[in-house]
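So the structure is just underneath, and the comments pick up after that.
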């Protein structure tokens, strides 16, 4: 049985679902001759590890308890009061130091898959050290790949040892498909994508004549948006995904290079207006402009979609009119879609479409990435 040691950073929604998938897929992975040995789980403040990381692991019963405790909003430090001989809890700076020790210990012996399911920039330092120590890296967290070009170059220095399918389109095979096209020598000259389930839902609902304010309120009620919907409406999440795709194509761009259209003006930003004030008094002021744009698009036989467009050295993110009968125009609900244009896919693009959001789907993509690294482990 091939054993892959896994250190998980971030056990929020995606991280918890990943642990659940690992436990539920034991028999499937056993048939494949693979065993994922979870040797550490950490949140923003604590790290839990077995007493002997070289020979032991956090068992499935313990992993299920981690999921239960984190689902209640409690921190991993809760395990400190329960600490027994079979596991240890490290807090604060000790947790980061211990994680680095584990990376050094296993990176040069059995190998280690460092999995980042967090949503923070604070993991970058550990990821850089993990790469230096020969560890493999699996990312659902977009921020390390959209940091400085220096950080990006370091992360992708050994392409065989990094996987990040779930950073764009959740579990959709966008990165893998793009890599195959690039590897074949087929030059990609244009990518158009609707990469936000939230904004996809908002745009498709506007077609029915509903005001933007009502649609955003409904999306928030359905759980499609962040607690502050402006995190979605700003377009920054789409911009990060677009930057990842552009850098994959070899474009030396930074976030400031991207033209981003926010759905709200700066005067309604988080620093100037509370969430409640924005939802009750701010967003309604945006209804008329969006309604006019919807009608104008309709008169042209088009609909509005919030998309990223990557072409030549340009990356743009914002609302565009697209033909109603195009793949983008037919998109409904919270699905994602990516159109890739290349020499081979010149007139008819390669279209990848499906569920592009959700903790379950994203975690499944992360798990597939970990399994895809199995040939690197003894």
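Just so it is clear, glycine is given a Cβ too, placed from its N, Cα and C backbone atoms.
Under the heading active site, proton donor, TrEMBL lists 241. Positions annotated as NADP(+) binding site by TrEMBL: 10, 11, 12, 13, 14, 15. Taken from TrEMBL, the feature NADPH binding site applies to 142. Among the features that TrEMBL reports, L-homoserine binding site is placed at 226. Positions annotated as domain 'Homoserine dehydrogenase catalytic' by TrEMBL: 173-371.
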Cβ-Cβ neighbours of residue 14 (NADP(+) binding site) (radius 10 Å): 26
C-alpha spacing of residue 226 (L-homoserine binding site) relative to residue 12 (NADP(+) binding site), in angstrom: 14
List of residues, in chain order, with Cβ under 8 A from that of residue 10 (NADP(+) binding site) and at least 6 apart: 42, 43, 116, 117, 118, 119, 120, 123, 140, 141
Entries of 142, 226, 241 which, being recorded positions, have CA atoms within 10 angstroms of residue 14 (NADP(+) binding site): none
Among 142, 226, 241, which are recorded as recorded positions, the nearest neighbour of residue 13 (NADP(+) binding site) by Cα: 226
Sparsest Cβ surroundings (other CB atoms within 10 Å) among the recorded positions 142, 241: 142
CB within-chain contacts under 8 A for residue 15 (NADP(+) binding site), separation at least 6: 8, 9, 41, 70, 117, 118, 363
